[in-house]
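Asker: Pulled these features from TrEMBL for this protein:
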TRANSMEM  35-53  transmembrane segment
TRANSMEM  60-80  transmembrane segment
TRANSMEM  113-132  transmembrane segment
TRANSMEM  139-161  transmembrane segment
TRANSMEM  173-190  transmembrane segment
TRANSMEM  202-221  transmembrane segment
TRANSMEM  263-283  transmembrane segment
TRANSMEM  369-392  transmembrane segment
TRANSMEM  412-442  transmembrane segment
Amino acid sequence: MSKYREHGGKQSGIAMGPLTLRLPFIHYRFEWPDYLQGLLMCTVCLAIIPVLTGKLGMSFEVALAIVIMNGTLYLAHVTFGDPVVPGWVTPAIPLLIAYVETFAPGVERMQCLIAFEMMFGVFCVFLGASGLAKKFVAIIPNAMQSGIVLGAGFAAVMIVFKPGNGLKSFDNFPWTVVICVGLAFYLLFSEHFKSLRTKNKFFFYLANLGMMPTLALAVFVGPLTGELSWPTFTGEIITSPDFTTLFRDFTILGNIPLPSGHMFLSSIPMVISAYLVIFGDVIQSQALLDDAQKYRPDEDIDYNPNRSHIIFGVRNTIMSVIGPDISMCGPLWAAMQVVLCERYKHGPEAMDSISGGAASFRFGTWTGYFLAPIVSAVKPILGIGLASTMLIQGYVSVRIGVLKSRSFNDLGIAGVTGAIVATRGAAWGLGAAIVMCALIYLGGDKRKAYIKEEPIFPGDSPDKISKEVEEHLGNVA
């Protein structure tokens, strides 16, 4: 039994209204495997730096300061009770780039970004504090939820394989991607490795490392196949973020005047577009945690959309003042949440609490921002890390998305919605889902759109899941 909670209870913490304060070592076990993963995956967060330097005219050091501040605010989620790995609002980044480019470079462009991010943050806080966020999620039919999660899965796979428009990871590094992603899938999902993991401590600890073996292998496989270069080290130990220039030249705390009322009003369409993406992330967070919950009856996972909205809304509002950021502050890094949830399913010996895993990972990425040798070591494999996490996200999102459907009609709506989300974006996908749900379910029994009983696959029946739970916990849920 965990010392941080009763069996089947919520993780310990200090209630603070809609929030719950949780501190490492006091309210959850620190998970070192996830911390080490974070050290290596920190470079994914640094990938926004070229965008900030190119579109906003920042130096590398100023952009690094923004990444560090955003990374510090990532820690707010688990610290205040949200058991997720937060991230960017990734699908909305191209939209925001196009929006800010309609303004002149320099002061005017920074003002428009500040106005947008502040409006976006306040809007999200309002939805969370008023309780509307949770009510909004609750009225979404199964088919629409299924389609949103499916679309996230399709889009993740397309990012890697779509010729010309994706990360180009597969086209540029085919052997490295195949070998390293193959290892990741084997360690996370293989029935053969599951049996090895339960019989041998070495394989158990290897499984606990999550993505680390894949990334470590990529450091060597890439150069050996001639697809990547070996890491180069500058001799520096600590990175050099430039906070002084950031505050002076790029924020309203320095030389940037407050945006005009017109700028705030003109940002509303962009705010709505970004929120449609955020809404999909909230749905996906709920789906991933619900799926993990089936394997861990020893912990009552406490996820609340209202609380999540308050936290990422405050993050966006703060960043609009101290470090306007094109990546924005989102509620979920879906790919890493998937990796953590899969490791969490291995039982409390592997990960005592989902909160501990998420927090430890984000403490790892935060530490990595400051360590120049780590940044240098993993910089060549950034594309492989992104490809691996995207394909893992795609695999699990499609699986969970299908399970969200409760009827043949749900599956049909979800399939079409998912394809539109992946190819035309969240706004088109949600619009299509609303129209299809109205046409198919209007005039019938509305309860069919909200059936809670899950579908049963013979190969993964409730009995099989119960046996896995028994293996990991020593008792049947």
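Keep in mind that glycine also has a Cβ here, set from the backbone N, Cα and C atoms.
Note that the structure is a prediction, hence the values are computed from the model and not measured.
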Asker: Which one, 35-53, 60-80, 139-161, 202-221, 263-283, has the most C-beta pairs under 8 Å toward the transmembrane segment (412-442)?
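Answerer: Looking only at 35-53, 60-80, 139-161, 202-221, 263-283, the most contacts with the transmembrane segment (412-442) come from 139-161.
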Asker: Could you tell me whether the transmembrane segment (369-392) and the transmembrane segment (60-80) have 3+ CB pairs under 8 A, leaving out pairs under 6 positions apart?
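Answerer: These two segments touch.
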Asker: Top stretch among 35-53, 113-132, 139-161, 173-190, 263-283 for CB pairs under 8 A with the transmembrane segment (369-392)?
Answerer: 35-53
Asker: As a test: from 35-53, 113-132, 173-190, 263-283, pick the stretch that has the greatest number of Cβ pairs under 8 Å with the transmembrane segment (139-161).
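Answerer: So the stretch in question is 263-283.
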Asker: Given the transmembrane segment (263-283), which of the listed stretches 35-53, 113-132, 173-190 has the most Cβ pairs that are under 8 Å apart from it?
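Answerer: Between the candidates 35-53, 113-132, 173-190, the best contact partner of the transmembrane segment (263-283) is 113-132.
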